[in-house]
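Structure first, commentary second.
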Amino acid sequence: MDTMNWLDQLKWDAQGLVPVIAQEAATGDVLMFAWMNREALAKTAELGRAVYYSRSRGKLWFKGEESGHVQQVHDIRLDCDSDVVLLKVTQLGHEPGIACHTGRHSCFFNALQNGAWQAVDPVLKDPESIYK
């Protein structure tokens, strides 16, 4: 694989990042949104495991490094404008199916109902017991 060539085809933002959506391969559920830099995307392709870039920590974030909730990557796709990446993943871990740091399946658990945001998906595991 010509690493430089395929990475150069993305439209990186001014900070050298690209937005990434993680989607559960089996169900199509959108699990989370994160960012990647070149190194994170190259590592993800190399390892077959999601590696993101943490803007708050300023470093690579190997999904599941603290929680054990790893994402096995089956497919990496680029949108038509070459500025958004889609990962099709299987969410693995001690409690398979937890992608969100809140202990939920998806980070998109709030729904707008009657003019207010309501949590509509259950907490599968207390986050305090995940992050010790």
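Positions of Cβ are set from backbone N, Cα and C atoms, glycine also.
For reference, Swiss-Prot has these:
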type	residues	note
BINDING	Asp79, Asp81, Asp83	Mg(2+) binding site
BINDING	Cys80, Cys100, Cys107	Zn(2+) binding site
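Structure coloured by features recorded in Swiss-Prot.
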residue : record              : CB count, 10 Å
Asp79   : Mg(2+) binding site : 14
Cys80   : Zn(2+) binding site : 6
Asp81   : Mg(2+) binding site : 7
Asp83   : Mg(2+) binding site : 13
Cys100  : Zn(2+) binding site : 20
Cys107  : Zn(2+) binding site : 17
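In sequence order, the binding-site residues near Cys100 (Zn(2+) binding site) (Cα within 10 Å of its Cα) amount to none of Asp79, Asp81, Asp83. Rounded to a whole number, the distance between the Cα atoms of Cys107 (Zn(2+) binding site) and Asp79 (Mg(2+) binding site) is 21 Å.
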